[in-house]
């Protein structure tokens, strides 16, 4: 394991680890040890997103934010239905959710990537750009998704929609890296995809003997929620950030006092994603059987209670897509999705069938994956649509 010594604001030492995973909060990205918490000024919802810039120096900014348009370039009408090519409902449901992700769709329709990409063939960003453009510009039609979208994944049978979704997101992230494969891990997290879907966990361990504190940061692209004991998404999030006691055989080896001592471990979201992907863990890892229970989820979700920084005001997200599984096992059943189109109308996207729906129907589903976008970003998007304004940069000021 290779360690690099870096500094946060000139005072906190990092120990960097070479292996990263995007969705597991227990995989370390960077660790800080100190004897007490420093004073920090309150942060706004807008500035909190940029905290990841302080985790480590960025050697190279792979996707400048001024090149990520947030305002809409999309047609007003809902787009095309997708043809099922044989057990590909999981592909179609996932693609529809990504197609109606505002910052991703706006970037794809800007053709920013294809104008500079030298790969084209085998590039997931180019493939997704072609798909999203076709889907959104062919309302009332049914189109056939390119086989390249599921190349290397689809094996002619029913697959897990969430696994395909993250396979696609990861492939798009890798497509941002040609020519930059030797950059450091933190710079890789400045890609277009991480700017849209990414954030950072903070795992904080406090030694109860010397009160020393160790912070570990890890990037994420989605958040998995255990729903076994939860009746709502909020309850599942509360369980996720609930402090854990480390004692007895599980006592903590403190790097400050160098003793094995009882400690408290707390996981929180250090930086918030522009677009939040919440996956409800409905399937058993062993049997694949489904947890077929109703888990309530809101149209508007305040993520502030689960953030590292408290007392900074609400951090509200709005629901814009829901991926649903109908059936009793991950090995069979049917996937479809609900998406919120540009004008605010909800639609059920069930392979080739596209039908208008209501928020009441959307909120009554046994959801598998939920897609939320920061309310401030959605409002900027909606405002630009109503005023017919030109696309603005992600994170730019009015």
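Each residue, glycine too, has its Cβ placed from N, Cα and C.
In Swiss-Prot this protein carries:
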| type | residues | note |
| --- | --- | --- |
| DOMAIN | 80-375 | domain 'USP' |
| ACT_SITE | 89 | active site, nucleophile |
| ACT_SITE | 334 | active site, proton acceptor |
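Looking only at the active-site residues 89, 334, the densest Cβ neighbourhood within 10 Å occurs at 89. Mapped onto three states, the DSSP output places the residue listed as 'active site, nucleophile' in helix. Residue 334 (active site, proton acceptor) falls within a strand segment according to DSSP. Separation of the C-alpha atoms of residue 334 (active site, proton acceptor) and residue 89 (active site, nucleophile): 7 Å, rounded to the nearest whole number.
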